[in-house]
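Visitor: First the structure, then my questions, so here it is.
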Amino acid sequence: MASSKLLSLALFLVLLTHANSATETSFNFPNFHTDDKLILQGDATISSKGQLRLTGVTPNGDPRVDSMGRAFYSDPIQIKDSNNVASFNTNFTFIIRTKNQSISAYGLAFALVRVNSPPQKKQEFLGIFNTNNPEPNARTVAVVFNTFKNRIDFDKNFIKPYVNENCDFHKYNGEKTDVQITYDSSNNDLRVFLHFTVSQVKCSVSATVHLEKEVDEWVSVGFSPTSGLTEDTTETHDVLSWSFSSKFRNKLSNILLNNIL
């Protein structure tokens, strides 16, 4: 028995050392500046107010038709390392504003995509997908704040959601909105909590996601929205703040530690 515990302890220490070699990431943007570690694509810019303005506006401040912009953290994020899978937590605040409160398009995605991936199709594809059919090579997982269908979607490798929950973006148009997204790798649990801060209305949704099967070892994390094809359906997408942290926890090492104890 003693020798078995010693062997488990030795294996635990080896795995712990390996876990510590994985890259964990943490950053915080209480507001945004042009020299921040961000990759801006399409129509994305940093506004004079320190906001991440993801889709275009006209000279008078109205949302621009058929606009798409993407913003990703410039350093790749490690999601998996051998038996190790990262958990993560991200918080951000956004405002989506449309001219027509009864209908708008298309929404904002928070996405984990392939490193150095170029922008994809506009409109309902949100700049992260190319087709309505499964794309195994897309290696993308996204939480979509779907303003066209008034819901929160979970998308894996194509635009059709495998989980969704109603959330009335039209009713709370223009409100500052706080979001927390968490992923717990110990039970493959992806959760979204959304709070319209003026109306005090909340939405939430969760699902089981085996992230290590859906994305690459290293990913880029960030935002990708698109606006509608007519002036009546366009909207602006501004992110006011964003923080992110990832942490590795080795499932096998936890089992060995329980055996030692």
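Backbone N, Cα and C define each Cβ position, glycine as well.
Pulled from Swiss-Prot, these are the listed features:
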DISULFID  Cys167-Cys203  disulfide bond
CARBOHYD  Asn91  N-linked glycosylation site
CARBOHYD  Asn100  N-linked glycosylation site
SIGNAL    1-21  signal peptide
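In the displayed structure, how are the listed features positioned relative to their neighbours?
Guide: Taken residue by residue with DSSP, Cys203 (disulfide bond) is part of a strand. For Cys203 (disulfide bond), the same-chain residues 6+ apart in sequence whose C-beta sits under 8 angstroms from its C-beta are Ile152, Glu165, Asn166, Cys167, Val192, Phe193, Leu194.
Shown in sequence order, Asp178, Val179, Gln180, Ile181, Ser241, Trp242, Ser243 are the residues of the chain, 6+ apart in sequence, with a C-beta less than 8 angstroms from the C-beta of Asn91 (N-linked glycosylation site).
Asn100 (N-linked glycosylation site) counts 16 other C-beta atoms within 10 Å of its own C-beta, drawing on all protein chains shown. Under DSSP, Asn100 (N-linked glycosylation site) is assigned to coil, being neither helix nor strand in the three-state scheme.
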Visitor: Quick check: in three-state DSSP terms, what is Asn91 (N-linked glycosylation site)?
Guide: strand
